[in-house]
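Asker: My questions all concern the structure below.
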């Protein structure tokens, strides 16, 4: 085993250098023209998303005591490689479909949002994969996610800012599908354990994510940016309050469990991302945040005891109930709000509803199928 591990360590730098050389050559041919257009995304908004992806998810994944440095380091490696790959795939679609190019800052912002799917998937396989496997998963997932997004946009008429919010749904179920192909570690294994220090660092990542999530949801919105920010904040606030409440209610001694807080405080931001542009009043966002937090806490209680052992799924960081369930709730809320906004279920409204349901089915189906193949 030690000999094979040394050979593996010697091959990793060459794989990374090969990928980087390919990226440089492709950038030379695809981005030789200048880009002088004014960006529709502010640099401050891009920095918020960048901080969220690097710091937020980097520390969010430090809960395993043996993989603290690996999670933050591998997260940075995945992000910088994935952003380059995402920009290339996006530009290739623009070239093939003969669509006018976007400005550079918006392009890299969309790439940073897209790489969130890979980072979420990494949480499901953390501690069971090596850097080569993570790099392979990053490239495959970015390509498939862009294919899913463009199918939703071109054939199901889903707006690009809404389609981009499918990163939570796609990342969660792609990661679960990949994780199902790996053996579950022993409950007493050090690979499956955490320490107070690692849990504290992971909670720090949660706080980073909580602070920057309104910018994440609104960064690609052009018409209702402030409404999306407003609604996202209230959904996050209510989900945090609900997380503390239900955490105390579901424990025997009535104490707060930071495992619940760690997951449920973000549920409102995930759920409201799909429907924030359709929410007219903050109380709707607050109800959505409350429901998302309740589903996350109860889901973590039920999944870890019933569903995961039955399906032999080992979800390292709980991406199923942290991102998967709230994403499903947000997709359903989007359909409900669409029906309520139009009042009656007309033929045209029926087609619109079916398109949104179809986009949900396309996203989750491609995530599960390609995740199993990748695993």
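Cβ from N, Cα, C; glycine included.
So TrEMBL has the following annotated:
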type     : residues : note
TRANSMEM : 12-31    : transmembrane segment
DOMAIN   : 35-374   : domain 'Ammonium transporter AmtB-like'
TRANSMEM : 43-64    : transmembrane segment
TRANSMEM : 76-96    : transmembrane segment
TRANSMEM : 134-151  : transmembrane segment
TRANSMEM : 163-182  : transmembrane segment
TRANSMEM : 194-213  : transmembrane segment
TRANSMEM : 233-251  : transmembrane segment
TRANSMEM : 258-277  : transmembrane segment
TRANSMEM : 283-303  : transmembrane segment
TRANSMEM : 323-340  : transmembrane segment
TRANSMEM : 352-373  : transmembrane segment
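In terms of burial and nearby residues, how do these features look in this structure?
Answerer: For the transmembrane segment (43-64), the list of distant contacts is 71-72, 75-76, 79, 105, 108-109, 112-113, 115-116, 119-120, 122-123, 126-127, 191-194, 198-199, 201-202, 204-206, 208-209, 212-213, 215-216, 218-219, 262, 316-317: same-chain residues at least six beyond its ends, Cβ to Cβ under 8 Å.
Below 8 angstroms of C-beta separation, residues 48-49, 51-52, 55-65, 68, 232, 236, 240, 258, 261-262, 265-266, 269 of the same chain, each at least six residues beyond the ends of the transmembrane segment (194-213), sit close to that stretch.
Long-range contacts of the transmembrane segment (233-251) within the same chain: residues 210, 213-214, 257, 260-261, 263-269, 271-272, 276, 282, 285-290, 292-294, 296-298, 301, each at least 6 residues beyond the stretch ends and with a Cβ under 8 Å from a Cβ of the stretch.
Packing against the transmembrane segment (258-277) from elsewhere in the chain are residues 63, 161-162, 165, 168, 199, 202-203, 206, 209-210, 213-214, 216-218, 221, 223-224, 227-228, 231-232, 235-240, 242-244, 246-247, 250, 285, 288-293, 295-297, 300, 318, 321-323, 325-327, 329-331, 333-334, 337: each is 6 or more residues past its ends and has a CB under 8 Å from a CB in it.
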Asker: Per-residue pLDDT averaged over the domain 'Ammonium transporter AmtB-like' (35-374) comes to what?
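Answerer: Mean pLDDT, the domain 'Ammonium transporter AmtB-like' (35-374): 84.
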Asker: I'd like to know if the transmembrane segment (12-31) touches the transmembrane segment (352-373) in this structure, counting it as a touch only when three or more C-beta pairs sit under 8 Å and are separated by 6 or more positions.
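Answerer: With fewer than 3 qualifying Cβ pairs, these stretches do not touch.
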Asker: Using a Cβ cut-off of under 8 Å, list the residues of the same chain at least 6 residues beyond the transmembrane segment (76-96) that approach it.
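Answerer: Same-chain contacts beyond the ends: 16, 19-20, 23, 26-27, 30-31, 53-54, 58, 102, 107-108, 110-112, 114-115, 118-119, 122, 131, 134-135, 138-139, 142-143, 146, 150.
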Asker: Please indicate, using numbers and ranges, the residues of the same chain that are 6 or more beyond the transmembrane segment (12-31) and have a C-beta under 8 Å from a C-beta there.
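Answerer: Residues 77, 81, 84-85, 88, 91-92, 95, 131-132, 135, 139 contact the transmembrane segment (12-31) from elsewhere in the chain.
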